[in-house]
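Here is what Swiss-Prot records for this protein:
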{"type": "BINDING", "residues": "17, 18, 19, 20, 21, 22, 23, 24, 25, 43, 129, 131, 136, 194", "note": "ATP binding site"}
{"type": "BINDING", "residues": "99, 135, 139, 192, 201, 203, 280", "note": "L-citrulline binding site"}
{"type": "BINDING", "residues": "131, 135, 136", "note": "L-aspartate binding site"}
C-alpha cells in the first residue's frame with residue numbers, strides 16, 4: 001500500500017508544515033485554489049532568525065488555510081538535545097570540531113509533534129518543503145508514520161503539476177503577486193539557512209563549493225570571530241550538572257531548561273563557540289557540505305565530557321563513545337525513536353549520565369579556542385595522590401607491587417615476540433637496517 005500521493009488530494013484535509021516563507025506560502029495558496037482543504041502547522045523551535053511566531057499562523061489563514069496552529073516544540077527540543085549530550089550522539093567531526101546533529105534533533109521533534117497535532121484535527125495527509133535529494137524527506141517520512149500509521153504523504157515538490165506551474169522562486173513570487181498578496185522575494189543569500197534553538201545549518205548555493213568557506217557566512221547565533229574587527233574578550237564560565245542534567249550557568253540556577261539553553265547560546269555565541277565546517281555523508285550516501293552553529297550545545301558538551309572523563313573509567317568511556325557514534329548515525333538517519341537507538345540512549349543516560357554531577361570552569365576565547373580552568377565533582381575518581389611524584393603516606397601501591405605487575409607482563413611479551421619471529425620467518429616482517437627492530441614491508445617503500 002503506497003503512502004506517498006503523487007497528485008493533490010482535492011476535497012480532503014491536507015496538513016502542511018508552514019514556515020511563512022515564499023515556498024510554503026505559494027504552496028498553500030496553490031493547494032487551496034486546486035481544491036484541497038488546507039490546514040497549516042508551524043513549529044516554534046526557538047529559531048534565532050524568527051522574530052514573530054504568532055504572525056505565521058495569521059499569514060497562513062490569509063493564504064487560505066481553514067485552520068492554522070502554532071505548536072510550541074521548544075521544551076521537547078531541549079529535552080532531546082540534552083539527551084543527545086548525555087549519550088554523546090554525535091558521529092560527524094573534522095579535526096576535533098563536532099557537528100551536534102542539531103537539524104536531525106529538530107526533525108525528530110517537528111516530525112512527531114506536528115503530525116500529532118494534525119491527528120488531533122483529523123488530518124491524515126501531510127506535506128512539507130523537503131526535497132527528494134536531502135535527508136529531511138526520509139526523516140519526516142519515518143517520524144510521521146511512527147506517529148500516525150494512517151498518514152499519507154503529499155509533497156507539492158514531488159507533484160509534477162505544481163513543479164510545472166510554480167517551479168521556481170520567481171514563478172512563486174509572481175503567482176502570489178498576481179493574486180493580490182504583493183509578496184516581494186527577499187534578497188538571495190549566498191547560501192541557505194535552517195535553524196532551531198539548538199543550532200543553525202548553513203548550506204547549498206555558494207557553500208556547495210569547497211573554495212567558499214566560513215568567511216561568507218553571517219552567523220545568526222554567534223559572532224564572525226574570524227574577522228579582525230570583531231571584538232571578542234576572554235570570558236570565564238562555570239557550568240553545573242546534577243545527575244547528567246545541566247542546571248546552572250555562572251552560579252545562576254535554571255528550573256526551565258529552555259531558559260538555560262538560551263543563556264548557554266548567548267554565552268557561547270559571544271565567542272563563536274561551536275561553529276564548524278563539515279563534509280558529511282547524507283542518508284543516500286552522497287556527500288554534502290555544511291557550516292554549523294551550536295554555541296549552547298558546544299558549551300554544555302565540553303563541560304559534560306570533562307566530567308565524564310573525570311568520573312568514569314576507561315572502558316566505560318570507550319563504550320560511551322562507541323555507542324554515541326552509532327547513536328549519532330541513527331539520529332542522523334531519522335531513527336532517534338527506533339528501538340536500537342532507545343537502547344543505546346537509555347544505557348548512556350542510566351549508567352553514564354546519572355553519575356555526572358559537578359562544576360566545570362572554562363575560559364572561552366575566539367571560536368572553539370577555550371581552556372579548562374577547574375573541575376569539581378563529589379564523584380571524581382581522579383585522585384592525584386595515587387600517582388603523585390612526591391612521597392605520600394599510605395600509597396595506593398608500592399614499588400614491589402609494580403615489579404609484580406610488570407613481571408606478569410612477561411607472559412604476553414613472550415607471546416608477542418614469538419609472533420613477530422613467525423611473521424619475520426614468513427616474510428611479513430623484516431629487520432630494519434642497522435637496528436634490531438621489525439619493520440613492515442611498506443615501511444621500506446615496498447608497494448606490493
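Even glycines carry a Cβ here, placed using N, Cα and C.
Remember, it's a predicted structure, so these values are computed and weren't measured experimentally.
In this structure, the C-alpha atom of residue 135 (L-citrulline binding site) lies 12 angstrom from that of residue 129 (ATP binding site). Cβ-based neighbour count (10 Å, all protein chains) for residue 192 (L-citrulline binding site) stands at 13. A gap of 12 Å separates the Cα atoms of residue 131 (L-aspartate binding site) and residue 139 (L-citrulline binding site). In this structure the C-alpha atoms belonging to residue 280 (L-citrulline binding site) and residue 136 (ATP binding site) are separated by 15 Å. A simple way to gauge crowding: the CB of residue 201 (L-citrulline binding site) has 21 other CB atoms within 10 angstroms, across all the protein chains here. For residue 21 (ATP binding site), the nearest of the binding-site residues by C-alpha distance turns out to be 192; the candidates were 99, 139, 192, 201, 203.
The Cβ of residue 21 (ATP binding site) has 13 other Cβ atoms within 10 Å, all protein chains considered. Maximum intra-site Cα distance, ATP binding residues 17, 18, 19, 20, 21, 22, 23, 24, 25, 43, 129, 131, 136, 194: 19 Å.
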